[in-house]
Amino acid sequence: VIGGDECNINESPFLAFLYSQLLSSRRYFCGMTLINQEWVLTAAHCNLYPDRKDMNWWLLIKLGKHSGSTRRWVANYDEQVRYWPKEKFIWWYCPNKKKDVINNYVWVWWDKDILLWELWMLIRLNRPVKYSEHIAPLSLPSSPPSAKWWHVGSVCRIMGWGQITETWWNSEDTLPDVPRCANINLFNYEVCRAYNQRWWRGLPAKTLCAGDLEGIIRGGWDTCVGDSGGPLICDGQYQGIAYWGSKPCAEPDEPAAYSKVFDHLDWSQSVIAGGTWWRGDDTCP
């Protein structure tokens with residue numbers, strides 16, 4: 001998190017992180033949110049080794065941890081580790097009706113304003129976690145976030161163990177010892193399109209747009225590399241999943257994008273309940 005402060009040790013008992021034993025110094029690479037004893041929610045692009053099940057045993061999900069760096073490793077008494085999931089479900093592409101190419105990336109469209117791509121991933125842990133002082137779920141939202149045209153909407157909280165300097169994936173020295181937290185503001189989707197039409201025209205209208213009001217002009221608080229998959233908490237509710245931002249981070253005129261949790265509640269609840277679920281190779285909802 002760029003421009004943030006150290007999170008209070010009791011602020012984020014729902015925050016987990018994905019850790020790989022094969023990435024050398026880059027061992028931590030994505031945030032996650034615990035939503036009940038068996039399930040965590042993260043960004044779909046955190047699905048490392050998607051076609052190599054034999055590699056999954058090198059991936060760990062750590063919960064209840066506050067000090068996450070190898071330089072200052074201070075364990076909480078109630079930390080828990082889970083190996084790669086029992087199941088994972090990705091909210092994926094729709095069969096394409098139209099393709100558009102932006103900066104050599106193929107965007108697949110379902111209708112005139114909804115772009116469906118890999119946005120988020122539900123992971124079922126290999127065994128349930130036990131709730132404790134530093135491990136507790138973050139409830140799914142009961143209402144959508146608010147944002148007004150050209151005005152500051154909800155005040156939202158971001159957090160994670162991602163980079164604390166603006167450079168794009170630097171050394172481990174730019175990763176914090178403990179998670180960083182910052183307050184940012186939610187903006188109307190059209191406001192973000194006005195600031196950065198190159199990228200925001202390719203993102204679905206249901207995407208949440210958030211950043212620092214002054215930073216929109218001169219750069220400021222922002223998520224960065226390693227914060228992907230972490231939560232966006234607005235008015236105390238879990239409203240977004242970090243999945244896209246500027247490179248370098250915290251650039252002027254480039255607010256970050258978050259997948260909107262509220263708009264996918266039915267899908268998430270269906271998956272957790274063991275019901276039907278949708279992938280890109282099935283009929284679109």
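For all residues, glycine too, the Cβ spot is worked out from N, Cα and C.
In Swiss-Prot this protein carries:
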type	residues	note
DOMAIN	1-273	domain 'Peptidase S1'
DISULFID	C7-C181	disulfide bond
DISULFID	C30-C46	disulfide bond
ACT_SITE	H45	active site, charge relay system
DISULFID	C94-C284	disulfide bond
ACT_SITE	D113	active site, charge relay system
DISULFID	C156-C234	disulfide bond
DISULFID	C192-C209	disulfide bond
DISULFID	C224-C249	disulfide bond
ACT_SITE	S228	active site, charge relay system
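Under DSSP, C192 (disulfide bond) is assigned to a helix (H, G or I) in the three-state scheme. Annotation note: C209 (disulfide bond) sits in a strand segment as assigned by DSSP. In terms of Cα distance, none of the recorded positions chosen from C7, H45, C209, C224, C249 sits within 10 Å of C156 (disulfide bond).
Within its own chain, C181 (disulfide bond) has V1, G4, D5, E6, C7, N8, E11, S12, R157, I158, M159 as residues 6 or more apart in sequence whose C-beta sits under 8 angstroms from its own. Under the DSSP three-state reduction, C156 (disulfide bond) is assigned to strand. Note on proximity: of the recorded positions C30, H45, C209, C234, the one nearest S228 (active site, charge relay system) is C30, by Cα distance.
Cα-Cα distance from C224 (disulfide bond) to C30 (disulfide bond): 11 Å (rounded to the nearest whole number). Highest Cβ count within 10 Å among the disulfide-bonded residues C30, C192: C30.
Look at S228 (active site, charge relay system): DSSP puts it in coil.
Residues near C234 (disulfide bond) in space but far in sequence (CB under 8 A, at least 6 apart, same chain), listed by position: P145, S154, V155, C156, R157, L186, G240.
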